[in-house]
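Data first, discussion second: the structure below is written as structure tokens.
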């Protein structure tokens, strides 16, 4: 019996492309699942093969349409649990609602915790996600929860084009991303710069200054996601004004909300940005200057660890990041 014979892999509506890549790497077929919507908008999701006694993997990003994607996931978990699956592992490449992880103002909800409890109550036995916005979300779960860092996969892709890091500067677009940028800077030997950003209102960003030298440098602005793009575009503009030689945007999740795609395309045409590199946690149509790097191999490795019942998910992180630390990428 193959080590993957006990696994059933289901893809929901938001992650078909990624799930197909994972299935091909694991050399297994995606199992059929029915996803229908009634006239009133209600969803029905049900596996079309027996799942009794099997280990089940469900792949679904809870990105746009966020609420439909989340309900589809919850109903899928519930239907599979009621069909007597042995275990249900949920792979959520992009975890929606993670930014609502605290009460920023009086009377606001902590929706990240609510979503965690809904996933648990539906019947999930473990959760795997990538570059979750706030690591404290893992504390909202009472089941095994792993958030791995796809940013290392993206950094390996970027650095593969360079012989060394002598002219590269890692740029954090705000103070919230300094820890991530510093880790990459230390790992690669690149220098570090920080954009001094102040938020003046909802989706309103005021850029003040750059801390660190970016003049004539190949700059990499690193963030966990591209939402409306205001923060990253503002950072890119001031870094370019300060004399950067090139600017690459690296972000795990490409949400591209509102008119972000058009704004980034224009920024590339205007040579403010040279290119953008994202992971395929969310399905995106490519455009000139956008590179999409797949995390399917990393997820497939996680599923193999899960199916074998030995090892650690942190191995997948180490497998990507240790190459940078050892500087074997050059």
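Cβ atoms are placed via backbone N, Cα and C, with glycine included.
What Swiss-Prot says about this protein:
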{"type": "ACT_SITE", "residues": "197", "note": "active site"}
{"type": "BINDING", "residues": "40, 41, 42, 99, 100", "note": "ATP binding site"}
{"type": "BINDING", "residues": "133", "note": "Mg(2+) 1 binding site"}
{"type": "BINDING", "residues": "174", "note": "Mg(2+) 2 binding site"}
{"type": "BINDING", "residues": "199, 223, 227, 228, 229, 230, 231", "note": "D-ribose 5-phosphate binding site"}
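The shortest Cα-Cα distance from residue 99 (ATP binding site) to any of the binding-site residues (174, 227, 229, 230, 231) is found for 227. Here the binding-site residues are 41, 229, 230; the one with the fewest Cβ atoms within 10 Å of its Cβ is 41. Taking all protein chains in view, 20 other C-beta atoms sit within 10 angstroms of the C-beta of the residue listed as 'Mg(2+) 1 binding site'. Comparing the binding-site residues 223, 227 by how many other C-beta atoms lie within 10 angstroms of each C-beta, the top residue is 223. Of the listed binding-site residues 40, 42, 174, the Cβ environment within 10 Å is emptiest of other Cβ atoms at 40. Using a 10 Å radius centred on the Cβ of residue 100 (ATP binding site) and all shown protein chains, the other Cβ atoms total 19. Comment: ATP site residues 40, 41, 42, 99, 100; largest CA to CA distance 30 Å, whole number. Fewest Cβ neighbours within 10 Å among the binding-site residues 228, 231: this applies to 228. Calculated from their C-alpha atoms, the gap between residue 40 (ATP binding site) and the residue listed as 'Mg(2+) 2 binding site' amounts to 43 Å. The 10 Å shell around the Cβ of residue 99 (ATP binding site) contains 16 further Cβ atoms across the protein chains shown.
Residue 223 (D-ribose 5-phosphate binding site) falls within a strand when secondary structure is assigned with DSSP. Residue 228 (D-ribose 5-phosphate binding site) falls outside any helix or strand according to DSSP and counts as coil.
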